[in-house]
Amino acid sequence: MGAATSAASGERKREVRATVRARRAARSPERRERDAAELSHHLIELVRAAGARTVTCYLPMADEPDPSGFLDWALGAGVDVLLPVSLPDRGLAWARHSVAPQVVGRHGIREPAGPRLPGSAARDAELLLVPACAVDVTGTRLGWGLGYYDRVLATLDPRVPVFAVVFAEDVLDRLPRDPHDVPVDGAVTPAGTRRFPDQRH
């Protein structure tokens with residue numbers, strides 16, 4: 001990728017992030033509550049259909065799609081959920097979701113307070129549910145620019161399905177894809193689940 005192309009890609013990503021941040025911040029409390037319930041319904045459907053017993057997910061920041069209902073269901077259903085713990089080197093460790101209290105970690109993100117598992121623990125997951133700023137219909141995932149999940153996804157077996165968790169309007173026609181960007185298999189939104197063309201397997 002040439003310098004001009006790289007600069008254009010970076011500018012486009014910044015524009016999308018700013019647009020998504022503003023749109024998410026403008027959601028009403030009523031819509032957030034409705035979206036959270038519908039999103040969790042579709043996450044449960046996906047995990048059941050996959051027969052997955054170990055998955056990754058996340059604890060949402062204020063404006064992110066809220067999978068809390070899914071996390072509550074997983075506790076009762078015996079599904080082992082690995083939640084991310086950010087590290088100073090921009091890597092991720094993991095901790096199992098439980099009823100234990102949560103703590104506020106780096107970047108003000110809530111994290112589970114339980115024992116830390118190494119980054120390699122994600123390789124035990126049969127399905128990965130990952131946060132994102134946006135995705136496009138070819139599977140390109142746009143994060144928030146810190147690269148945590150790009151590094152995780154690059155180490156995983158490409159046969160393990162990865163789904164970005166976003167709002168329906170965050171699924172775009174086209175995003176720039178840089179060499180380090182690992183595509184995802186689909187997106188789960190409050191409107192349903194979308195699968196993208198097979199590019200990882």
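Every residue, even glycine, has its Cβ placed from backbone N, Cα and C.
TrEMBL does not curate its annotations; it predicts them automatically.
Keep in mind that what you see is a predicted model, and the values were worked out from it rather than measured.
Secondary structure of the region 'Disordered' (1-35) per DSSP, as helix, strand and coil residue counts: 30 helix, 0 strand, 5 coil. Annotated region 'Disordered' per TrEMBL: 1-35 (among others), in sequence order.
Sequence annotations record features per position, and here TrEMBL assigns ATP binding site to Lys13, Arg14, Glu15, Val16, Arg17, Arg141, Leu142, Gly143, Trp144, Gly145, Leu146, Gly147, Tyr148, Tyr149. Every protein chain shown contributes to the tally, and the Cβ of Lys13 (ATP binding site) ends up with 20 other Cβ atoms within 10 Å.
According to TrEMBL, the feature substrate binding site maps to Leu59, Glu64. In the three-state DSSP scheme, Glu64 (substrate binding site) falls into the coil class. Of all Cβ atoms in the protein chains displayed, 17 besides its own lie within 10 Å of the Cβ of Glu64 (substrate binding site).
Residues or ranges marked as region 'Disordered' in TrEMBL: 178-201 (among others).
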What Cα-Cα separation, expressed in whole Å, is found between Glu15 (ATP binding site) and Glu64 (substrate binding site)?
18
For ATP: widest Cα to Cα gap among Lys13, Arg14, Glu15, Val16, Arg17, Arg141, Leu142, Gly143, Trp144, Gly145, Leu146, Gly147, Tyr148, Tyr149 in Å:
20
Positions whose Cβ lies under 8 angstroms from the region 'Disordered' (1-35), at least six residues beyond its ends:
63-66, 133-134, 142, 144-145, 167, 169-170, 172, 175-176, 178-179, 190
Whole-number answer please: how many Å between the C-alpha atoms of Leu142 (ATP binding site) and Glu64 (substrate binding site)?
14
